[in-house]
């Protein structure tokens, strides 16, 4: 895929026109207050994974609406004190899968909690968490579920679940609640950005090729799903364009980034046709953090930096947690 977005010089200088609604902070505070009205009820059931060097727990906690959300907690067996933790979120269409899918951070000595994504997990890795909330008419997929109002939009529930996942991790005795990082690729990166903004105790943020940023630009230029789910919805609902983008402003990574002070290591692929590079630069340039780094992969599509980025993350996080 040739480069189709701005030149690298213009990408580095790009700032999105997306602005948070006036009640952005109040909306999210109310959302979290409603979510926290239900007891967290985090349960950690020992799980026989067949893995000898880690201890695995099948986790259930109460997310948005008190709905049960699944996760894995994976701990190095050899530990003598509470551990720093990495909370990981999953890419679009995937679920938490199996414990053996998530061994990088435990192998590096971190407790790792992997949140299942409600209503997903049947595309490329299996999930175990239902989304029991219905919606108005929607395009197939998750992007337009409840999109006519921020109150009903799908990602209101997912982002609330993400904050509760951090709280569930913090509640476990093996975890040092003052040393928590969040990470994920694509959708997982977008969720991580929202989680770091909504939980200011998060110390480090590591989103890879993050999704859910600068919606207006992404929907207008990217040829590959999931963003085009929104454009196809609007091709049918021609009278809902303004309403839809008004909703999306409450969920845009650009708006969340301006509220993040945690250290941040972000990656972008300059040939990415799923998450256009300009949308990631927009979120990165909006970050309020004074300790932020963007790694650019000039000839990669949505696979991003792969193992190169993982090695960079390992070195970077060791200096911060």
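Positions of Cβ are set from backbone N, Cα and C atoms, glycine also.
Per TrEMBL, the feature active site, nucleophile maps to 186. As annotated by TrEMBL, active site, charge relay system applies to 272, 302. Summarising the annotation, TrEMBL assigns substrate binding site to 92. Residues or ranges marked as domain 'Acetyl xylan esterase' by TrEMBL: 1-318. Under the heading region 'Disordered', TrEMBL lists 121-142.
Counting other Cβ atoms within 10 Å of each Cβ, the recorded positions 92, 186, 272, 302 show the lowest value at 302.
Here the candidates are the recorded positions 92, 186, 272. The one whose C-alpha lies nearest to that of residue 302 (active site, charge relay system) is 272. Note: the CA-CA distance between residue 92 (substrate binding site) and residue 272 (active site, charge relay system) rounds to 15 Å. Distance between Cα atoms for residue 186 (active site, nucleophile) and residue 272 (active site, charge relay system): 11 Å, as a whole number.
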